[in-house]
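A.B. asks: From Swiss-Prot, here are the annotated features:
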- Gly2: N-myristoyl glycine (LIPID)
- 142-211: domain 'BTB 1' (DOMAIN)
- 247-341: domain 'BTB 2' (DOMAIN)
- 413-479: domain 'BACK' (DOMAIN)
- Ser722: phosphoserine (MOD_RES)
- 923-935: compositional bias 'Basic and acidic residues' (COMPBIAS)
- 996-1005: compositional bias 'Basic and acidic residues' (COMPBIAS)
- Ser1008: phosphoserine (MOD_RES)
- 1080-1090: compositional bias 'Basic and acidic residues' (COMPBIAS)
- 1101-1112: compositional bias 'Basic and acidic residues' (COMPBIAS)
Amino acid sequence: MGANASNYPHSCSPRVGGNSQAQQTFIGTSSYSQQGYGCESKLYSLDHGHEKPQDKKKRTSGLATLKKKFIKRRKSNRSADHAKQMRELLSGWDVRDVNALVEEYEGTSALKELSLQASLARPEARTLQKDMADLYEDKYCTDVDLIFQETCFPVHRAILAARCPFFKTLLSSSPEYGAEIIMDISTAGIDMPMFSALLHYLYTGEFGMEDSRFQNVDILVQLSEEFGTPNPLDVDMRGLFDYMCYYDVVLSFSSDSELVEAFGGNQNCLDEELKAHKAIISARSPFFRNLLQRRIRTGEEITDRTLRTPTRIILDESIIPKKYAKVILHCMYTDVVDLSVLHCSPSVGSLSEVQALVAGKPNMTRAEEAMELYHIALFLEFNMLAQGCEDIIAESISLDTLIAVLKWSSHPYGSKWVHRQAVHFLCEELSQVMTSDVFYELSKDHLLTAIQSDYLQASEQDILKYLIKWGEHQLMKRIADREPNLLSGTAHSVNKRGVKRRDLDIEELREILSSLLPFVRIEHILPINSEVLSDAMKRGLISTPPSDMLPTAEGGKSNAWLRQKNAGIYVRPRLFSPYVEEAKSVLDEMMVEQTDLVRLRMVRMSNVPDTLYMVSNAMPQCCHMISHQQISSNQSSPPSVVANEIPVPRLLIMKDMVRRLQELRHTEQVQRAYALNCGEGATVSYEIQIRVLREFGLADAAAELLQNPHKFFPDERFGDESPLLTMRQPGRCRVNSTPTAETMFTDLDSFVAFHPPLPPPPPPYHPPATPIHNQLKAGWKQRPPSHHPSRSFSYPCNHSLFHCRTAPKPGPPPVYLPGVKVAPPDCTNTTGLGRQTVAAAAAAAAASAAIIPEKQVCPQPVLNDLMPDIAMGVSTLSLKDRRLPELAADTELCQTVSEAGTGPPQHLSCIPQRHTNTSRKKPTLEQKADGRENQQEYPDLYDFSNAACRPSTPAPGRHSPSPAHGRYFGPDLYSHNKASPNGLKSVYLPGQTSPKKQEDPRREYPPSPDGHPHRQKREPIRLDVVEQPPQRPDFPSAASENASHGPAHVRARTAVETDLTFGLTSNRPPSHSACSSEVLEERSSRRLTDSEPLGHGAHQRNADLERGDSISRGRRSPSKPDFLYKKSAL
């Protein structure tokens, strides 16, 4: 019996013997073939149900009325009525809608196949071959030793004698217990490993080692001539059971419990004995193995060996009835559960038989015997016998036994596997069950389980009709139970005279059906003008009309059979085979008459939520990937139980479960289900998860083990982690590994292209130099670069810069200054992942020298981390319009400086820059001119233009530090829109490719009236971003220089500034306007010794910055009524 349904035998199991006719079908009248549950053919065969009314018709007398004849004919043609109703429904539909309905049915059919496989899954039972292999390896209960090449091989006399004629003759010469027999093998080339493999073959029927000598035909012929050719293992074991040669244990049964406890009372009280072998019963049952080992420890076994008598085991017949003993032994030797052996053995009345005689019941049925034997198998821990009994019970399910099997399997001591098969039979045969008296004996729980299924084989109208009848029958039973005992059994009792329908209490009937009617899919009742539905609404059993009667937002009517927007919660139609067949037939006809396959393409509505917060809430259940939930900070250790009652399995078992889950995900059947069920990935994932749980013997409630294994094993990796997940700090957030390899960066170099487009730029972020972070980065494997991610990715990247980046060489560990607070690493920070600039390093030194108390430090940028989709929405507005002209300007800068400069330093590289939003309306040129007269220090946070994103350069009257104070003439970090004045160009490394080679035609802005380009009038912000500089050898010197002038740069927060605006305005206070020009010239000349034209461009750029400062400050004045704050793009 395999662990999954794909390895199961078809209808009957080889372990089940006896009635061959009952073995031809698995459950009821259908077999569990996949073809029988698809939409290609009828989902379930009910042919025998159509013959039943015809048989009754033959037996009716000639006095039957014409009305009854019409009723019987109408019942026999029920399936034809269903097809007609579906055809009438689809008569006015568009061909695309019919195709959508058929696709929905196909998706449901794929889910049904997975559900069927999950219902058939159960743990794999150990076979005779596996138990015999363990018996040879563990060597318990051995009784003879073979000596070969000075090596002792403990073996079992009975097994070798039954399997090999050579050993049968050899062992008969030494019958005593523990005899040592020296082996003398004449076949050449047999060594000790090969001899051990030969013994393993006699135990299991297979060689236990891979040896090329066993492929040699000559050696095999010589071995067969000397030892003989053994029969198949099952044949020899059956012969051993029949003849019981060399038996060494006797099973005795007694109904006197005191005798069993005393062990050694009057032997006349013992009944007939059964012979067996210790090796076999201990190998198959842990119960007998522990019993025999306990006898060895207590010394009782030595007494039996001394007296040369078989070991006697006395069993209490109230626990293990004697009539089942032979069936148990037969299964131990043959792996077959044959109840025919039960009727051949003498029956000593068991407790169940006594109860049956007292109650006046007939003999036990085959299913009842299997139920009783199932409990004995669980007691003996004999799984093969238990699963064989389950097969017998499942095969016996029919209309007559359905109620008994459902009740037995619903109990805690029943079989959950049998219960799933009984519920499946109820769902498949519900149309037949509803028309029989068995339907009224069903409990409410069983009915509720059935009507919740998407695979119910009944129409919604019949379900509603017979549910009401079932409720009326239950109400009548209540009335009968409430009547006085005096009337019971008389002509005036309710059971005799009956109760009319109008006499039933509607309120009480509604209370009985209150938990069942909500699961009737009223929107799918056919015909639309159903009398059953209208009657139920008149009686008040159904209070709300179907959604077809409710108008939608468009003013039309919603189609409850299809997925539509603004149509409320969608409930898929049941996979009722007559409806499915007729829908496919109608689609085939419409395709031939109206259209071809190309015109059938349409957008399928799925269950993907429209709101972002719904995604995070649904991820742990909906995602088919394994989710990762770290242990919270207040939790000291991972939980030891799941679902409050199930112990967490061992790590080895957990890894096997995850491996099995990954294996199932890659099967063609599961992939087809994922493809056909758009937006239903949660259902597909859950089906394969519970299948794996059942294969490993765990309850369905333990699904969290597979949905979130990292919660229970936080230190383990299960094969689906990505670099982004490993960068998270434990206990910070919950992450689901949903992105695939095509849409997720898996290398450090790909982080260079990240441009979090949230204006203004984020405040400083300090990645820590922790050894764990370095180990994780070192552990990432290099993967081939994937194609550029689409714009749907949370962080839009600069595609043109992908190929002009080289991986940075690992530099020295970063040095942190005193007072600088170490913060966790930021995945969205490009410079923090290996690339530093002169501006970033100098700004870090300036900030460290002029450090402010922690209360004034800006908060860490977490918006990109928590809401990447909002960042995506802001960035996509300007990504296309801004990138092309910006890169064009940068390309010209790179080329000119590379020609003028002799050798650019490595840190003067082109850095990916931040994009801003340009969707607002631009003010006219006249408004810009007027705005120059008003100068303010406060930037407009709601203005996302280029000028608004840059602080104004101070006027000549203010202190303006030179580039040596932390400024840099290269490309700006956060904008591509700044062109250097007077021909100053950016510098690229020799190994880098200019973006001009990547970008073709560039769009340029129209020039302004004063001759300068339009974008030159908007001087951008130059924020001092504090970053860690891993590759800055001149960092200490820069820090010392800025430290000498540190107090001059410290500026406290003004009264009108807030946490958002502090640090974004000019950081050069007017109190220090007098600065030595010699110091400025000295530092400028020291930095620009290699290039004279570079110095000239610096002075010209200073003038332009000062002129642009007055323009931008006046234009952004918040006090002017003409220039109100612009509307935020967020």
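The backbone N, Cα and C atoms fix where each Cβ goes, and this holds for glycine too.
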A.B. asks: Mean pLDDT, the domain 'BTB 1' (142-211)?
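C.D. replies: Averaged over the domain 'BTB 1' (142-211), per-residue pLDDT gives 89.
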A.B. asks: For the domain 'BTB 2' (247-341), how many residues does DSSP put in helix, in strand and in coil?
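C.D. replies: Result for the domain 'BTB 2' (247-341), in helix, strand, coil order: 52 helix, 17 strand, 26 coil.
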A.B. asks: Going by DSSP, how much of the domain 'BACK' (413-479) is helix, how much is strand and how much is coil, in residues?
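C.D. replies: So the counts come to 51 helix, 0 strand, 16 coil.
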A.B. asks: What are the DSSP helix/strand/coil residue counts across the domain 'BTB 1' (142-211)?
C.D. replies: 28 helix, 14 strand, 28 coil
